[in-house]
Amino acid sequence: MARGPGAAVGLVLLGLGLALAIIVPAAVVLSRHHAPCGPQAFAHAAVAADSKVCSDIGRAILQQQGSPVDAAIAALVCTGAVNPQSMGLGGGVILTVYNASTGQVEVINARETVPARHAPGLLDQCEQAQPLGTGAQWAGVPGELRGYAEAHRRHGRLPWAQLFQPTIALLRGGHRVPPVLSQFLHHRLLRPFLNASSLRPPALSPTKLGLRLWHRDPAALLQRDGAPGASGPVPWPALAATLETVAREGAEAFYSGQLGRTLLEDIAQEGSQLTMQDLASFQPEVVAALAMPLGDYTLYSPPPPAGGAILSLILNVLKGESPGLPLRVLSCWEPEPHAQPWPGAAVGWDSRGLGQPWPGASVGWDSRGLGQPWAGTAVAWGIVAWGAVAWGIRGLGQPCPGEAVGWAAVAWDSRAWRSRGLGQPCLEKPWAGTAVGWDSRGLGIRGLGQPWPGAAVAWGSRGRSQCSPLIRRRGRGKWSRRCVLALAGVAQCLCPTPLPTPPSPLPTGFNFSAESVASPEGNVTLYHQLVETFKFAGGLRWRLWDPRSHPEVQNASLDLLGEALAQHIRQQIDARGDHPRSHYSLAGAWGHRMGTAHVSVLGADGSAVAATSTINTPFGAMVYSPRTGILLNNELLDLCWRRRPGAQGTPPPVPGERPPSSMVPSILVNAAQGSKLVIGGAGGELIISAVVQVIVNKLWLGLDLGAAIAAPILHVNNKGQVEFEPHFPQEVRQGLERRGQQPARRQFFLNVVQAVFQDGACVEAAADPRKHGEAAGY
């Protein structure tokens, strides 16, 4: 990348000496040990935004007894003014919210949606639109303000207007053009597009582009060299007036009031087809966060179309577990669960689902349903029923690491699977009927059986199973505690005959340790396995479609978070990195390479918010409303990379659909120790790669948070090539090339992570130096 005035923003602070010495591990063995509090440590609460002024505003809101959501909104409003190339009111936001008093985690998805009308053949223009996708035809319906309003309604504490006042004051006189924004305005990749956009007033030369944002007479704000001034105050009256209207009238001023009409009139001159009906019909979506156990922690992240399922998959593959009982203790009978019946069963679970009888069976799983419990057996749901083979291919029944009985001590205890809706076990409590569990609809679309209308026991048609007589006789919950939860009791309670000699354990993670990264070759091995995991995960990114608009992919999260898939990927990773792209199912584009902003907040009560906001690529569609000060997003560009492998073309947009996203605002919680990591990032397709490596740095290696974020990263592109951030360790890079990994240069490398970490009384907060970020707390 070139240096100087046109240099990539990603090089701004990458000369940091500390970055040279940091080695990022590529495993996630989430240890109980953490380093002492680092230099950015606070006693109560903290905010990490991508600028000091916005972190300070968030902290002030917390000190005024505001909630973490209040602080996040205030910091985001500020960021939209300070770094308008990354986010703003013309974009969308995803917030992951942790409530410390209830332990519940929810996601508020206010990402932009496809409008009712869009340009014909829009997605046929995907290749020509790269890399930036400028023009009003790529704009989605903005969701930012309704996202703030919903989050404030559910979790806010201070008056709505109070959250906007600090930024309004900033824009009315104290605002300065940040160095990062100045560099974006003059970046050689962006300048040709900015020159042709509505951000450049017609009377100005190309050196004065972008200044229309702040002043009716932009020339008055220039330095002698023609660059935007970064020393004096720069007012932005149009945006200030918009924020005053929103503070006074609420978000509806935008979605159903004059503010929205003014915006639409301005952008219609640029070819926008957005209507007031589009604005009025936009609604944020509130859903449960995905939950992935990772050692002592649970990772909570946003479900599709956001990138949390891919983040969870990567960390699940990388995580290490202590070797326990082997995964594939298949049964008390020989040789395979598909060949041998449960005693008394009439129809079993073959590789396709229900339908193949087991010879000699007379009762049990017949065409009418259960009919009767499994007569004459003490096995009930034993090792055969939930064996690795029987359910593994769909990820619904791989035994938990270290468990011989599959859905047993770990899988069905009071904590497990709750957020995924798979219910509580019959062995402990009735299962609550859920969309993905054994409810009245069954799992017919997956071939795992329709509702069992005649079922009298076990799986009731209401999805609230009654325990079988066998288990009731064993004393309801006592049976599972005495037998399932005690490994020594498994054979006695579940198996009429002794267990066979188990096979060798399959890997349940890469089990890295500090010793494994102490040598140069250990570092190479570690990064090699990280790179290979990124490749396999990249081959699955196409599955991040909006499940509301595409019901055929509504089970994507269940599949991607399943242990079966993680195990399959581990088994495919060997010592070489030169496999063909088909080995990883790599195909198609993955989205843009830059953009977005993130804010992480931890409150004094332990509640937390991770919020990622975007207008997509830098300056979005480069369509500006001069009367409102709002920049329009180009979110529909992300629809270009939701293409099935081998498919011809991209499916047309669906009105109301949310495009797929790499955004992963996440919260990791260790309830036993009171530890939390609130994290997220910016940088387009770099987001997931960067967040993974910071999580690894902090929670496994134990680096202080600032060092974990500043460390140089690597990234795998859609061709399976490895892109290295400047100052990445040369010896590791050379070692990867010896193993067949193909390096590639990246024109624009800007990954940005903001995070807050709590460990007992210590609260660390760090914002990424790559974007001149600085955290604040008290």
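From the backbone N, Cα and C atoms, a Cβ is placed for every residue, glycine too.
Cross-referencing G135, G577, G680, G684 against the L-glutamate binding annotation in TrEMBL, which names R111, T614, I615, N616, D638, S661, S662, picks out G684.
Around I615 (L-glutamate binding site), a 10 Å sphere centred on its CB holds 33 further CB atoms from the protein chains shown. Counted within 10 Å of its Cβ, the other Cβ atoms near S661 (L-glutamate binding site) come to 28, all protein chains included. Annotation note: D638 (L-glutamate binding site) sits in a helical segment as assigned by DSSP.
Most buried of the recorded positions T596, T614, judged by other Cβ atoms within 10 Å, is T614. Counting other Cβ atoms within 10 Å of each Cβ, the lowest count among the binding-site residues N616, S662 belongs to S662. Under the three-state DSSP scheme, T614 (L-glutamate binding site) falls in the strand class. The C-beta environment of R111 (L-glutamate binding site), restricted to residues of the same chain at least 6 apart in sequence and closer than 8 Å, consists of G92, V93, I94, G143, P305, A306, E635, R658, P659, S661, M663. Cα-Cα distance from T596 (active site, nucleophile) to D638 (L-glutamate binding site): 13 Å (rounded to the nearest whole number).
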